[in-house]
Amino acid sequence: WAEVTVALLLLAVLTPAGAASAAALPVVINTWAFRTAAETAWRVLELGGSELDAVERGCGQCEIDQCDGSVGYGGSPDESGETTLDAMIMDGNTMEVGAVADLRRVKNAIGVARKVIEYTKHTLLVGESASLFAVRMGFPYEDLTTQKSLSLYSKWLNQSCQPNYWKNVVPDSSTSCGPYKRREEVNYKEQTSSQRSFHNHDTIGMVVIGASGTVASGTSTNGAIHKIPGRVGDSPIAGAGSYADSTAGGAAATGDGDIMMRFLPSYQAVEYMRMGTDPTVACQKVISRIQKYAPKFFGAIICANKTGSYGAACNKIPGFTQFHFMVSSPLLSGPTEQVVDCI
């Protein structure tokens with residue numbers, strides 16, 4: 001038996017990520033090389049916490065760490081210089097979702113999202129009202145602005161508010177700051193993709209599958225930098241930012257949420273896996289589908305099925321040819337950074 005076990009383990013370790021025989025539970029997978037988030041989520045499972053606990057604490061770790069400036073407070077100021085947060089968490093057993101969007105002055109966005117599941121019959125709370133709900137749930141009001149976010153904002157103002165997300169307005173949004181008004185004659189020419197930095201990683205997305213096959217997922221982000229106030233991206237939208245179904249698997253997306261949310265990529269990936277598609281292939285099919293409409297979009301997705309097989313895919317564009325993500329599983333010695341080539 002010892003030899004058989006060793007042989008199976010060797011086979012599992014040598015099998016490429018996403019192949020069915022590499023499956024093992026529990027598994028934690030998250031977008032980008034956010035190692036502390038992966039370690040935190042894995043530790044929660046080791047200490048007997050639930051899959052939802054692992055997702056909440058893992059994504060919450062990124063809110064504390066301000067992962068890449070794109071999660072949590074003090075990053076991605078909007079057009080008025082304010083940082084606002086979006087987050088969601090999903091229970092793949094009950095299909096319940098808790099989400100918040102445009103959350104202001106409260107740091108622990110995914111914690112508030114969890115309270116939406118636990119204390120309301122709703123799914124998504126937004127804006128100032130979401131902040132009031134958070135305070136009633138015991139979260140403190142805190143300033144999300146930092147010296148870094150203020151300097152990002154002032155630099156942007158000094159660059160004539162470039163890049164921004166307006167079109168068909170006067171004055172010309174490509175050369176000046178607003179306030180803008182709609183142009184009487186709308187120009188429908190294709191907009192150039194925004195000059196965003198690919199180091200603005202947007203989001204932590206996480207999927208946790210427990211030893212019994214229970215799936216949970218979640219996201220947290222401070223959204224697109226210099227977004228128009230009130231903008232909500234894909235992260236807090238069930239099926240877009242992430243999706244969990246314990247009968248099939250889980251997925252989470254990252255990238256240009258304004259484009260990606262139109263295709264419900266996380267839901268689509270889980271449905272492909274339900275039909276028996278390998279997780280890597282499921283991820284690739286989702287990316288290919290978006291490519292047909294937006295060939296230059298910035299985005300990636302992670303997928304894991306209920307047996308613990310996993311994979312990822314990303315859209316290849318200049319400056320973004322590989323996608324890094326974290327995986328924790330019994331087949332690995334600890335949270336391990338993995339890489340896929342974009343398609």
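We number each residue from 1, going along the chain as drawn.
The backbone N, Cα and C atoms fix where each Cβ goes, glycine too.
Unlike curated records, TrEMBL annotations are generated automatically.
Noted in TrEMBL for the protein shown:
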type	residues	note
SIGNAL	1-19	signal peptide
ACT_SITE	T203	active site, nucleophile
BINDING	R231, V232, G233, D234, T254, G255, D256, G257	substrate binding site
Spatial neighbours of T203 (active site, nucleophile) among the binding-site residues V232, T254, G255 [C-alpha, 10 Å]: T254, G255
Neighbouring C-beta atoms (10 Å sphere around the C-beta of G257 (substrate binding site)): 28
Binding residues R231, V232, G233, D234, T254, G255, D256, G257 (substrate) - maximum C-alpha distance in whole Å: 16
